[in-house]
Amino acid sequence: MTDRQTDRQKERQKERNIFLDIVKYFTIFLVIWGHVVQQSLNPGVYPEHVDGIYRLIYTFHMPLFMGISGYFFGKSVCKVGGVYSYLKKKLKKRILGLIIPMLSFGVIAYFVQVFMEKKVESPLTILQQAHNIWFLGDLVIYTFVVLAVSFLCNQKFSHDWKYLLAGAILTCIPQVGYGFRGPFFYLYYIAGYCIAMYLTNSKIVSLSKYGKEGIIVFLLTYVLYSHLPWPFEHFQANWHSFSFIRIFTVISLKIILGFIGSYIALYLIYQMCMKLQSTWLFRKASRMGAYTLDIYLIQMILVERILGPVYRQWMDISGIDYLHMYGLLVEFIVTFSFAVVLIEIICWISRLVNKSPALAYFLFYRKIS
């Protein structure tokens, strides 16, 4: 990378919210760790929702990511002067910045699948592979939904909240959307958006004083959620077979855990940042937190499409599940350690890719001048 490119990156770094970059880095680590746990499980023998580590991570890590995404989107709208200006100046770049990585990694996922399964699928499955990158797909849908309902808003929260919340209905687009996942994660996205649009920085800071109370409420709610008198089935796939009270209870607890868990994560990371400002971990997190898109997409290929299937195939052949046969503590240590190694490898791949302007543009729609 040239000195000029390095200087420009430093200038961009100064303009960023360092704290949220650090939050994104630790959250993407949780994504990797959660996927390591998920890919190590044999669903037919040990359902993923029974695993305590998996269940804990998945209560809040994606809600937090969605909330941060909504916050940055709201700040971007404010920065350009409102919705009308955003439509003219930023919307095209925003959508291309989501669609192009989906298509690029859809192509990569297609060829990885062909290689792993030794079976050639129709090239049209590339579109399905792209659609499977649901996080970016949801962000595309949420962008259009929020911009659409914003025309009914007048910049006052007491008036706007009902229109923004009603937008959840529009996220359930058949064949294009992602079912229950769409409106569920929209709640966190719109919460982040509202924080950016309607709260001052001083008000946001004042909300950080309830961390200890939040931890207590989260633990109590999590214990209740973990001991529901029903088997842990995959809620999104089997919701139609649930009674109304079961649906209401599961959704309510998941929403509460998502919001409080996200709040606690922000609180704990803030406390950690205050003590680690001069450490290499702080510097690394603040630097690589700007590249969580890269990390998310690369881990999708490496963990979900390559390492996970290889491990499960080996487990099927050997009949031995080393990660889970020795208990939760061993699973925690091994999966956490492996996730630490993986994020280092993935960050290295990201840095390597970003040395090439062409690759950075093709894979992440990132212009490096």
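The backbone N, Cα and C atoms fix where each Cβ goes, glycine too.
Curation plays no part in TrEMBL annotations; they are all automatic predictions.
Small disclaimer: the values here were computed from a predicted structure and weren't measured.
Under the heading domain 'Acyltransferase 3', TrEMBL lists 17-348.
Below 8 angstroms of C-beta separation, residues 53-54, 57-58, 61-62, 64-65, 68, 71-72, 265-266, 269-270, 273, 282, 284-290, 292, 295-296, 299, 303-304, 308, 335-336, 338-340, 342-343, 346 of the same chain, each at least six residues beyond the ends of the transmembrane segment (18-36), sit close to that stretch. Residues or ranges marked as transmembrane segment in TrEMBL: 18-36 (among others).
The transmembrane segment feature in TrEMBL is assigned to 56-74 (among others).
TrEMBL lists 95-113 (among others) with the feature transmembrane segment.
Per TrEMBL, the feature transmembrane segment maps to 133-154 (among others).
For 161-180 (among others), the entry in TrEMBL reads transmembrane segment.
The transmembrane segment feature in TrEMBL is assigned to 186-202 (among others).
According to TrEMBL, the transmembrane segment annotation covers 214-232 (among others).
The annotation transmembrane segment is assigned in TrEMBL to 244-270 (among others). Nonlocal intrachain contacts for the transmembrane segment (244-270), taken as residues 6+ away from its ends with a CB within less than 8 angstroms of a stretch CB, comprise 19, 22-23, 26-27, 59-61, 63-64, 67, 184, 187-188, 191, 208, 210-211, 214-215, 217-218, 221-222, 224-225, 228, 230, 235.
If you look up TrEMBL, you'll see 291-311 (among others) marked as transmembrane segment.
According to TrEMBL, the feature transmembrane segment maps to 323-349 (among others). With a threshold of 8 Å between CB atoms, the same-chain residues lying at least 6 positions outside the transmembrane segment (323-349) that come near it are 28-29, 32-33, 36-37, 40-41, 46, 51-53, 284, 288, 291, 294-295, 298-299, 302-303.
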Outside the transmembrane segment (95-113), six or more residues from its ends: residues with CB under 8 Å to it: 121, 123, 125-133, 136-137, 139-140, 143, 293, 297, 300-301, 305-306, 362-365
- line: Sequence-distant contacts of the transmembrane segment (291-311), meaning Cβ under 8 Å and at least 6 residues beyond its ends, amount to 24-25, 27-28, 31-32, 35-36, 38-40, 101, 105, 108-109, 112-113, 116, 133, 135, 342-343, 345-347, 349-350, 353-354, 363-364
Field: Cβ-Cβ under 8 Å with the transmembrane segment (186-202): same-chain residues at least 6 beyond its ends
entry: 63-64, 66-75, 77-78, 138-139, 142, 145-146, 155, 157, 160-161, 164-165, 167-168, 171, 255, 258-259, 262
